[in-house]
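For reference, the structure discussed in these notes is given below.
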Amino acid sequence: MLKFLKNLLDDNAREIKRLTARVEEINSLEPQMQKLSDEELRAKTGEFKERIARGESLDELLPEAFAVVREASRRVLGMRHFDVQLMGGIVLHEGKIAEMKTGEGKTLVATLPAYLNALTGRGVHIVTVNDYLARRDAEWMGKIYKFLGLSVGLVVHGMDYAEKKAAYLADITYGTNNEFGFDYLRDNMAIHPDQVVQRELYYAIIDEVDSILIDEARTPLIISGEAEKSTDLYYTFAKIVKQLVPGEDYTVDEKAHAVMPTEAGIHKVEKMLGIQNLYADEHMELTHHLNAALKAQALMKRDRDYVVKDGQVIIVDEFTGRLMFGRRYSDGLHQAIEAKEGVKIEQETQTLATITFQNYFRMYEKLAGMTGTAETEENEFRKIYNLSVVVIPTHKPMIRKDLPDVIFKTEKAKFKAIVEEVARRHQTGQPILIGTISIEKSEMLSEMLKKRGIPHQVLNAKYHEKEAEIVAQAGRLGAVTIATNMAGRGTDILLGGNPEFLALQELRKMGKTPEDDPELYRELLAKYKKITDEEHKKVVELGGLHIIGTERHESRRIDNQLRGRAGRQGDPGSSQFFISLEDDLMRLFGSDNIAGLMDRLGLDEDTPIEHPLITRSIETAQKRVENRNFEIRKHVLEYDNVMNQQRELIYSQRRRVLFGEDVLTFVHQMIEAVVERAVDTYCPDGVHPEEWDLKGLLEYAHNVFLPNHQLTPEDLADTGKKALVEFLVEKAKEYYKKREEELGGEQLRELERYVILRVVDEKWMDHLDAMDQLREGIGLRAYGQKDPLVEYKIESVEMFNNMIAAIQEDVVRYLMRLSVVRQPETRRVRRVVENRYQEEGPKKPYRREQKIGRNDPCPCGSGKKYKKCCGRNG
């Protein structure tokens with residue numbers, strides 16, 4: 001391990017040495033750039049583009065391009081890139097992760113590689129964690145790009161197609177990870193080329209890369225539609241599980257985040273429902289409801305996992321503490337929580353399209369990222385994303401003091417001690433930032449501080465609109481701020497306060513903006529600058545910002561992020577964690593020896609302990625959890641890779657159809673595939689030709705690819721299998737040619753595209769559901785001494801092939817039955833295509849001699865029952 005670390009440090013030192021040489025090259029160009037007029041500096045952009053067109057590489061252009069951006073930034077924003085920021089920019093351009101400590105100006109660093117790569121004209125995406133940061137950075141850094149003649153776009157929630165399309169066509173586009181991912185999924189559900197907004201995925205720079213690629217790696221982006229199911233059962237089961245006794249009727253495994261009913265519990269539920277066997281086939285839906293209700297009751301905690309706001313259950317992001325509007329738990333869990341809380345149950349949803357961040361961002365040709373804490377997860381970045389981490393030195397030496405952890409026996413004693421520590425430091429005027437792991441804990445601590453008469457600000461997911469403003473002032477004299485986890489990430493805490501925010505606040509009270517009255521804004525800024533400068537001196541004398549962690553997170557990286565809020569850019573600062581043996585990490589993963597040690601020492605509740613054994617035990621517990629989480633993410637990726645290959649295949653074919661790449665060829669290929677499969681089914685290999693089911697084949701042909709044919713079994717007799725396929729394919733294509741003459745080529749091409757896209761989307765949706773069910777049950781194969789992943793791969797390929805066959809069959813059936821459709825009738829055709837298919841499995845040929853029952857599938861091929869389709873007026 002030590003050898004590995006030594007190599008790692010040596011590698012990083014070598015990397016810094018290499019980067020220093022390039023930085024010197026950029027610095028040597030600075031005097032030359034300073035002599036240029038604004039017009040001459042701006043003209044450099046056109047010159048660089050011409051040089052790229054002539055074959056010059058971006059690496060060759062880098063020193064000059066970076067020097068141009070640095071000079072533009074100095075003129076436009078009054079901010080000159082430091083040497084360490086230039087290093088960060090080079091690392092990002094090379095498709096790596098730059099670890100830069102909090103306050104080192106990551107936002108400004110991104111302008112360097114963004115400008116250089118945007119010169120190709122292929123578009124650069126800068127990805128942030130929330131809408132506020134995306135807007136702020138697009139507006140703030142956008143001034144540099146616009147000065148240099150590049151366009152800037154912004155992609156946030158709630159924009160329409162035209163706005164998004166324009167934003168993606170810009171040279172540099174800012175947006176959130178969610179929006180980029182959802183736009184990709186929406187593009188792959190588009191029915192018309194005009195609805196597609198994204199260009200190719202060329203280069204992405206991810207801010208807070210650890211948050212997006214690691215913390216959210218297991219969170220899939222899902223676009224869903226409503227499924228037609230009643231919600232009554234959720235209320236029924238919410239009442240039932242409230243009557244069950246924990247430990248007696250069900251068991252909870254907090255480590256595995258699982259809950260299981262016991263035999264006694266199952267009997268109790270059966271009695272309440274008045275049924276004999278809950279696990280009988282016909283009660284499968286009931287077991288699903290019971291499991292969801294138990295999870296909602298026993299595992300999901302209000303104000304920790306979710307909040308109830310305006311009659312809605314809203315998920316809380318466990319890593320940032322932010323509310324995740326629009327996100328819902330899947331598999332009925334969200335509905336079960338709604339029933340538990342007694343709010344209106346939203347319709348259960350069906351997945352229409354899904355992708356994980358892991359797979360979305362791996363599609364970019366070049367990927368880079370920035371964060372203050374990546375080193376602890378370097379292994380994961382390299383293994384999963386093929387991204388190496390370079391630790392960039394700080395501009396000024398770090399002088400923050402990280403004090404040893406203080407451990408208490410109970411949570412009550414811990415919070416009591418925290419309040420005492422806050423009161424002691426607050427008396428001196430030192431600013432304090434307290435990090436909590438949940439909304440519930442932050443509100444509890446807030447109540448305790450209120451009772452002590454300590455004024456403070458609470459920053460949690462419930463008030464994230466005020467996030468940046470509160471965080472920006474957390475460094476003021478006497479400020480006490482409670483923040484859940486990493487809420488407010490991306491906003492610097494300036495010692496003494498942020499004069500710009502204070503000036504803006506006062507302007508807002510007057511109902512004005514800086515654009516309305518620039519003179520007044522400048523006056524206010526000068527006034528507050530004087531105040532904050534005075535406060536800055538006092539705060540520095542008091543030791544800077546003090547961080548109090550109320551609990552160790554299961555990831556060391558999150559703890560480091562909290563600590564990193566203090567001691568920015570050479571400022572003084574300090575940090576300390578207060579821990580109790582009742583904290584989740586200690587309870588679930590800590591050693592039992594610690595409680596024993598405290599008992600042996602005869603310590604009472606209020607006496608803290610600082611002991612090397614305990615510090616080691618905490619670190620061991622964190623490493624254990626980190627390794628477990630890495631294994632889970634790796635495991636998720638292995639399964640998702642199977643799905644990803646299928647998604648890429650479906651989406652690439654879908655795009656070809658969407659953009660009209662010879663759709664007729666697609667249709668012909670589908671006809672050939674359908675005919676070949678039909679001949680294989682009715683005339684199997686190894687069966688004598690005299691025993692072939694030619695009658696069945698012709699009935700199937702009539703139903704699918706040759707409606708109204710006049711062929712008889714005798715016409716097909718004495719023909720070899722290959723010749724039979726060729727004969728039927730030719731007949732089907734001839735028939736389709738007639739359809740084209742009747743309808744007109746242009747109208748048919750439009751309908752072909754529409755039918756193919758709709759059928760593909762329908763079948764893909766069903767396939768996603770089936771794959772989810774397969775994945776949920778596949779773990780049981782391990783009991784049969786089989787590798788679940790291998791089994792999953794085998795079965796998913798079979799399911800995928802079946803889906804492709806079903807797509808081909810349905811498309812051919814619909815297109816063959818499109819007799820002359822006049823313009824006003826197009827909507828009816830679309831309704832037929834959009835209708836959900838009710839039949840599962842291979843569709844049986846329609847037999848002409850049979851009487852059609854009212855509940856039989858309609859022979860027109862719509863998939864509806866006869867009584868609801870052509871037989872409606874019969």
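Cβ from N, Cα, C; glycine included.
DSSP assigns Gln85 (ATP binding site) to a helix in the three-state reduction. Taken from Swiss-Prot, the feature ATP binding site covers Gln85, Gly103, Glu104, Gly105, Lys106, Thr107, Asp492.
If you look up Swiss-Prot, you'll see 839-854 marked as compositional bias 'Basic and acidic residues'.
According to Swiss-Prot, the region 'Disordered' annotation covers 839-864.
As annotated by Swiss-Prot, Zn(2+) binding site applies to Cys858, Cys860, Cys869, Cys870, with the evidence given as sequence analysis.
Of the listed binding-site residues, namely Gln85, Thr107, the sparsest Cβ surroundings within 10 Å are found at Thr107. There are 24 other CB atoms within 10 A of the CB of Glu104 (ATP binding site), with all protein chains counted. Look at Asp492 (ATP binding site): DSSP puts it in coil.
Of all Cβ atoms in the shown protein chains, 24 besides its own fall within 10 Å of the Cβ of Lys106 (ATP binding site).
In this structure, the binding-site residues under consideration are Gly103, Gly105, and the one with the smallest number of other Cβ atoms within 10 Å of its Cβ is Gly105.
A coil conformation is recorded for Gly105 (ATP binding site) in the three-state DSSP classification, outside any helix or strand. Around the Cβ of Asp492 (ATP binding site), the same chain contributes Thr102, Gly103, Ala472, Asn498, Arg568, each under 8 angstroms and 6 or more positions distant in sequence.
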